[in-house]
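Below you'll find the structure, written out as structure tokens, and then a few comments.
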């Protein structure tokens, strides 16, 4: 009798383990600390770094420097919180952002708070990277082949997407490690090219640091959009628990030790990439800088072509880093809720449709600057700036008005302000860009 009761439980446990071994986030737990370093660099330093000089031109020196440094410090702190909370319950790992949300807010509420925002972030990033990859390929073509026939941006986005129709079928995080490492190296390379080439050019004649817009309302909206650009630049939190899930853990050596080592290295690289690009390029070009600094730098042609090639390689890796948790959510839903059997066919159809969807949306709205501002404020600010703090307050319950309590509430207030204000500027930028845009042009 006892045997017949335990058998279904054992079968369910075995089935659960088989599903976990198939899902992309939990299928491989043998990553080293340096895997977390380059995964985090790839996730964090993305297309956002290219827009930072433009954000500075809308913010101005005082607010710009303050917001850049404050964002770096706040997001470094909230990332530390995420790493600490991964194994805060003995014997349990929160492998996904929404699992931590469920622990903090409850089973249903946690899902409703975290999953929509995380999906908006990850799908939003992949759409922006489709645009970035396609436009960078077009820029390379236009630079190296001035006499060639003009090829529509639509086709370049489709060419970029074709790479992901192949790479999307790599099973898990560890299987994309080489792609991620190459992407991390590329991000450091093109960031260095951007500010070093600017220094070589010297300060732009008649450089102007005054407001870009001629009207007060224009300046206000540009300022709000710039807040979103900065928020977009710090987006790694949305995949940090999923990255940490790939690191082995024992009671003697929990995963947070290796993960934190990787995060510190990643954040040093982030500072090396972000601050010189933002401050040096703005100092050189002032308010004449484009929303993508590589579009401003037109000579030497060969170097700018190489930098754009580096961008393409980097956003290939970044796309996959942000797509993997989406694949995990989709496959978990299909296997656990819809009761599909785990199979290559299911994975192939799901992932192919996802790549096709992000490609189609990117073709429809390829507005780099506006997309950054809108997504940056609407979803990046909550998941990066203040959701970790709210979870920390709910779970850890620090002493009221103590240092930890005050720091967390400061981060929450800053994050909420970003969430409210930044999408307004981003949406306006998209609307203005759309006025002169023809679909599939």
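Each residue's number is its place along the chain shown, starting with 1.
From the backbone N, Cα and C atoms, a Cβ is placed for every residue, glycine too.
As given in Swiss-Prot:
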TOPO_DOM  1-32  topological domain 'Cytoplasmic'
TOPO_DOM  54-58  topological domain 'Extracellular'
TOPO_DOM  80-110  topological domain 'Cytoplasmic'
TOPO_DOM  132-155  topological domain 'Extracellular'
TOPO_DOM  198-222  topological domain 'Extracellular'
TOPO_DOM  244-264  topological domain 'Cytoplasmic'
TOPO_DOM  286-300  topological domain 'Extracellular'
TOPO_DOM  322-347  topological domain 'Cytoplasmic'
TOPO_DOM  397-406  topological domain 'Cytoplasmic'
TOPO_DOM  428-441  topological domain 'Extracellular'
TRANSMEM  33-53  transmembrane segment
TRANSMEM  59-79  transmembrane segment
TRANSMEM  111-131  transmembrane segment
TRANSMEM  156-176  transmembrane segment
TRANSMEM  177-197  transmembrane segment
TRANSMEM  223-243  transmembrane segment
TRANSMEM  265-285  transmembrane segment
TRANSMEM  301-321  transmembrane segment
TRANSMEM  348-370  transmembrane segment
TRANSMEM  374-396  transmembrane segment
TRANSMEM  407-427  transmembrane segment
If you count Cβ pairs under 8 Å, which stretch among 33-53, 59-79, 111-131, 265-285, 301-321 touches the transmembrane segment (177-197) the most?
301-321
So what's the average pLDDT for the topological domain 'Extracellular' (428-441)?
62
Range from 111-131, 265-285, 407-427 with most C-beta pairs under 8 A to the transmembrane segment (33-53):
265-285
I'm a bit unsure how to read this: which one of 59-79, 111-131, 156-176, 265-285 has the highest number of Cβ pairs shorter than 8 Å with the transmembrane segment (407-427)?
59-79
Is it possible to list how many residues within the topological domain 'Extracellular' (198-222) are helical, extended or coil according to DSSP?
11 helix, 0 strand, 14 coil
